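*Asks:* Structure provided below as structure tokens; questions to follow.
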Amino acid sequence: MNLHEYQGKQLFAEYGLPVSKGFAVDTPEEAAEACDKIGGSEWVVKAQVHAGGRGKAGGVKLVKSKEDAKAFAQQWLGKNLVTYQTDANGQPVSKILVESCTDIDKELYLGAVVDRSSRRIVFMASTEGGVDIEKVAHDTPEKILKVTIDPLVGAQPYQGRELAFQLGLKGDQIKQFTHIFVGLAKLFQDYDLALLEVNPLVIKKDGNLHCLDAKINIDSNALYRQPKLRAMHDPSQDDAREAHAQKWELNYVALEGNIGCMVNGAGLAMGTMDIVNLHGGKPANFLDVGGGATKERVTEAFKIILSDSNVKAVLVNIFGGIVRCDMIAEGIIGAVKEVGVKVPVVVRLEGNNAELGAKVLAESGLNIIAATSLTDAAQQVVKAAEGK
């Protein structure tokens, strides 16, 4: 689950980290009022969406009057912001963050993730702030500094000082950076985060450090023990199909292809997507119905896949272990009848009751293409999607 920038900065402030004075507003009038509350003669207004690249898309602007702040809010509230990280429809803007203006001398990067290989929280810092950190990691990996946090003792001040020295900070900046580093590490652990970024972490003209941005992603598996963060969830930023899938305990991720995929098991689902790509197709989704799939969940999975107008064909790839193939077959038949499927459906069944499942499908009288292997299934569904 992601948080908006203004929500992330609220958490930063609770941990004593330096952030800009600002207000998240819902109306153009509130945007103008926020300028009065903040004071000064210049403000930064930011559209709040769960996506990067807002600045290049016109979603971040420096304004020099209350009227301009109000006009910006009128321009974006209720509209969708399209960035390089969104799909063609963009993300809806329901809040605008109005902040005081910051005089920047230098931009740094500071972030943290859970490193699966070491099973530790790893902090990353770089002098290349304000840019895409993935690009820095690819082009100049030597510019990214890393520190691993011991889960037994947590982040230590000496680790913060070491990073500060390597970033070229001096004097009070070292103390400030260490304070920010330790605070972010505590926040990361307290709230079960999966990712945290301050990009950029800036050195102001007066030499002080300042958190100019906040990106926070929470481990969804830990939300049951984070009621405060659950309350911060903005459902408007979720893909409607993904939200519906979550209610049925289905793992669904929307993609941009035209071949719908329904598979049991995350590994098999990824393998299925790979082989579809290998044969020239483009998956429209990742969908794992799980090991404990029921007929009802399979029916809902089918509905979710077919709710995507881009889907030209559907591939169902089931390996029956815990899940019986005949039950999956009944779910497919039920969904096809209920939804009124108008696209080709290719089914590959293997394992528990696979022969019975194939028989159920064959006797259904529906136009379902049976595949003999995974390769055959991929080839057939790619042809079907192309109308061949």
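Glycine too: its Cβ is placed from the backbone N, Cα and C atoms.
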*Asks:* Which single residue out of Asn251, Asn258, Asn264, Asn367 does Swiss-Prot record at the substrate site shared with Gly321, Ile322, Val323?
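*Replies:* Looking through Asn251, Asn258, Asn264, Asn367, the residue Swiss-Prot assigns to the substrate site is Asn264.
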*Asks:* Taking every protein chain in this structure into account, which of the binding-site residues Lys46, Arg54 has the most other Cβ atoms within 10 Å of its Cβ?
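*Replies:* Result of the Cβ crowding comparison: Lys46.
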*Asks:* Could you check which of the binding-site residues (Asp213, Gly321, Ile322, Val323) sits closest to Arg54 (ATP binding site), going Cα to Cα?
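*Replies:* Result: the closest of the binding-site residues to Arg54 (ATP binding site) is Asp213.
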*Asks:* In sequence order, what residues of the same chain, 6+ apart, have a Cβ less than 8 Å from the Cβ of Gly53 (ATP binding site)?
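*Replies:* Looking at Cβ-Cβ distances below 8 Å from Gly53 (ATP binding site), excluding near sequence neighbours, one finds Thr83, Tyr84, Gln85.
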*Asks:* From the Cα of Asn199 (Mg(2+) binding site) across to the Cα of Glu107 (ATP binding site), what is the distance in angstrom?
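*Replies:* Distance (Cα to Cα, whole Å): 8 Å.
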*Asks:* Does DSSP give Val323 (substrate binding site) helix, strand or coil?
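*Replies:* Reduced to three states, the DSSP call for Val323 (substrate binding site) is coil.
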*Asks:* In angstrom units, rounded to an integer, how far apart are the Cα atoms of Thr102 (ATP binding site) and Asp213 (Mg(2+) binding site)?
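*Replies:* Counting only the Cα atoms, the answer is 12 Å.
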*Asks:* What whole-number Å value do you get for the CA-CA distance of Val323 (substrate binding site) and Asp213 (Mg(2+) binding site)?
*Replies:* 46
